[in-house]
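Participant: Dumping the structure here so I can ask a few things about it.
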C-alpha cells in the first residue's frame, strides 16, 4: 500500500482508540468475548494484514456505523497529539475530521427521519380513525340535524348555508319548522319549451324530461308549507313556429292538491313560470346557441327578482325586501346564470346538472365518429364544461340522481373530488379548519313519478276476460295507434319511451331485437319517440336517429313487429304503460344500453326471459 501510509496509520489509530474501540479489542481478546466482537476484531486484523482493501467501503460499513462520533473526535485529537508537527499528516487530519462530521450528520438525519416517521404514523392513525368514523355514520345523520354544532361551525367560514335535507322525515321536520315562514325560491331552466299544461315532450332534444322535472318541482315547492312563492325563470319565445303560450310573460302553475294550501295565501303566492325575453326576439333556437345571450338573461332575471322581492316585502316582509332563500339552476346554461345571480344577490345556490358535459365528451370521443373540434362546434361542449366548473365553485348543494353520477361523472371535474369532499365534511362536523377549501354537498335524489294522471283500473291482468274485454270503458285512442302496427297484437310488448337522440341508444335496441329471431317470434317492440309531423322538419340529429330506425326496420324486415306512432300526448303516457302491462310486456330504458362495443340487453317478464348480446360495429 505504497502512498497510503496515512490511511493505515489512521485506521490503526481508530482501532486502537479508547472507548468503544478499546472495549472491542479487549472484549475480543477476552475468552468470553461475543462472537460478533471476535468477528469484528478479526475483520479489522485482516484488513491490516492483507495489504489491500477498499477504504471507502470500510469507512461506510465499519467506521461510520460502528463508532460513536465522540470516539471519532477523540481519535482525531489523539492522532494529532501523538505526532510531532513534522510527522503530522495533514491529509490524515482532514480525513478524520470529515469522517467525524459525516457520522454526526448521519446520526442527526436518522433522528429527524425517526421523528418524521413517528409524526406521519400518528397522522395516519388519526386520519384512519376520522375516516372510519365518517364512513361508518349514515350520510343522512347530518341532514336530520343531529349534529347541532355543524351549522354554527360552518357558518363561520361560509356565507349562509341551507339546511340539509336528506329524507322524507327530514323534509317533514323542515316543513313543520318553516311553515310559518314566507320563503321565496327561484328555479332557472332557460332552454326548451316550458309550460304548465300539455307539455310538448319529445318535440325536440331540448324539450324532454327536464321540462317535466322542473315544472313539477316548482309546483311541488309551491305547495310546501313555509314556501310563499316559487318562480321558474325561463326564456320568452314569440316565434311563429311555436305555440303562442310560450310568449306569455307569466303563467301560474295550478296546484295538484289544493288540500295542502293554507288560508293565508296572498296575492303573489304560489308557483309561477316567469318568461324573461333574451336572445333573438322572434326565433326559437337550440340550447347550443343560447350561450352568447346568458348575460342578457341574467340582467332581465336580476330586474325581476329585485322587483318581486320588493313586492313580497310589502305583502309579507313588513316592508323589508324578501330575497330568495335559494337559486336553483337546472342544466349548465341555467347553472351559469344561477351562479352569476347568486354572486350578485349573495344568495345560496343549488345546481342540478341533468346531464354533464365531460361525460358526454368522453362518450362521443369513444364512439370515434367526431373529433374533439367537431364535437365542440356541434355541442359547444367546452363552454358547457366551463359553466359546470363554475357551478361547482358557486353551489352549496348539487342534486344528482344516482351515486354513479357523483363518483364517475362529477369526479371528472377539477372542482370536485369525492374523497376530498368527505374529508372536508368530516372536518366541518368536528370543528376543524378547512383552510378556506370548500366543495358542494352532493345529494342523490332518485327520480320519481307524478301519479295525478294515473287512474287505477280494477282488472285482473291474468284473466282471459281482461285480455279480451278489459274494463267497461272504451280503450284509450293511443292503444289503437300502437296496435295497428302489429300483425299479432297479442304478443308481449317490449316498450321503449325516449326521444330520438343518439345518447338514448334506440338504434341499438332495434339492432338487438332484429338480430334475435327467437325474441322476435315471442314479442313485439314499441318505440315511443316523441312527436313529429315530417322527418325533414326535425332537427338534424333527431331526424338522423329516426331515419336510422326506419332503415333498420327495413333491413331486418320488422314490419308487423315494431310500432313507432307519430304522436302521443303527455296524458296518454300512463295508458301506454298500461298497454304494456296488459300484454305482460316489459319496459326498457334505452339510456342504459351501451352505444358501442359489446351490447347486453336483458329482457325479463312473467312471460319470457332473454339475454341478448349484440356486437356493434
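The chain as shown is numbered from 1 upward.
Any Cβ shown, glycine's included, is placed from N, Cα and C.
Quick paste of what TrEMBL says about this protein:
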COMPBIAS  110-132  compositional bias 'Basic and acidic residues'
REGION    110-162  region 'Disordered'
DOMAIN    184-415  domain 'Sucrose synthase first GT-B'
DOMAIN    487-607  domain 'Glycosyl transferase family 1'
Participant: With helix taken as DSSP H, G or I, strand as E or B and everything else coil, how many residues of the compositional bias 'Basic and acidic residues' (110-132) land in each class?
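Facilitator: Looking at the compositional bias 'Basic and acidic residues' (110-132) with DSSP, the answer is 23 helix, 0 strand, 0 coil.
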Participant: Counting by DSSP secondary structure, give me helix, strand and coil numbers for the domain 'Glycosyl transferase family 1' (487-607).
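Facilitator: The counts are 54 helix, 22 strand, 45 coil.
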Participant: Do you know the mean pLDDT across the domain 'Sucrose synthase first GT-B' (184-415)?
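Facilitator: PLDDT averaged over the stretch: 91.
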